[in-house]
Amino acid sequence: MQHDKEAKNGSTQENGIMTGSRNIVDEITGHRRMRRNRKADWTRRLVQENRLTVDDLIWPVFVVPGENVVDPVAAMPGVNRMSVDRLVEAAKEAADLGIPAIATFPNIEMHLRDETGSHSLAADNLINEATRAIKKAVPGIGVITDVALDPFTSHGHDGVLRGDVIVNDETVELVARAAVVQADAGSDIIAPSEMMDGRIGVIRQALDAAGHQNVGIMSYATKFASAFYGPYRDAIGTGGLLKGDKKTYYIDPANGTEAIRDAALDVEEGADMLMVKPGLPYLDICWRMKEAFGLPVFAYQVSGEYSQIKAAAMNGWIDGERVMLETLLAFKRAGCDGILTYFAMDVARHLDRKG
Ligand code: PBG
């Protein structure tokens, strides 16, 4: 790209310097021009403020029972549910690419789901089996486990349903016990997504009482009652089950200040890391959380966000790879320390190719 020659227009070199040529844009900008720093690839690289690296990625994965199962999720092109053996292979691949951590979500057999999600407490349930197998075969990758009850309940809610109420304190007691069982299985970080009040403090106490002082808590601090979770509910088989909605425990998408207050309580109760979910529609929350608390903040680019990009790309309407990278970089700009994203492997491979 050639430099602008406009500055010289309408004046000769000599009288330009001596008398000060009149250039209307220079007068307006006071000789400041933002485009000088954008003029070449090398200047752009030099002034680039944020960068996406493989260290920013957490890969959410879906686990199913069985052996040698790789089952595509229809609503999430490119995403599979995997049996533990295949998940272990995938985790190895992720670790080789440098991805720091994976987050596991189980698709539990229907006959094991009940009103209270009691199977979440079983030491040998699918999520705990997955943790054990991954930690044994790939000790270098972090395993993050959710303690919400939705994969285990017959009604698809994240907590215990009594009548038409998701009861808070009984749910907290259960998720705290499930957290200890998950930590016993080797989980490195407990990530409670069920948005019950007081859960972070109770989980912290339960983990410490069980000797799991080194197990961290990544709070789904601000989880919104969002329509972007649709494809995930298909992936873990809760979509058809869910009666009603989750508005009595997730945050209203209209409320930003309430979200910060909710996160503040989690910080007081001992959260080590905070999460914002969904991601891209809530960048303001990411920024406010980082500014307010200074704790590591992660965004969850959820299933619906992923599928939108995939669907448009498959139709040839957008450049899927560029949009993927742009959305992830936007999280960095918004102050996030990392992103849970179903694109994690694609991005890691892309960054690997770039060297
Ligand atoms: C529920 C949970 C949800 C997701 C992960 N755990 C939301 C929900 O079903 O209400 C969503 C993840 C995604 O959409 O990618 N505890």
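Using the three backbone atoms N, Cα and C, a Cβ is placed for every residue, glycine included.
Under DSSP, K223 (active site, schiff-base intermediate with substrate) is assigned to a strand (E or B) in the three-state scheme. TrEMBL lists K223 (among others) with the feature active site, schiff-base intermediate with substrate.
Annotated active site, schiff-base intermediate with substrate per TrEMBL: K277 (among others), in sequence order. The number of other Cβ atoms within 10 Å of the Cβ belonging to K277 (active site, schiff-base intermediate with substrate), over all protein chains shown, comes to 23.
Annotation comment: TrEMBL describes 9-22 as compositional bias 'Polar residues'.
According to TrEMBL, the region 'Disordered' annotation covers 1-22.
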Query: Could you give the Cα-Cα distance between K277 (active site, schiff-base intermediate with substrate) and K223 (active site, schiff-base intermediate with substrate), in whole Å?
result: 5
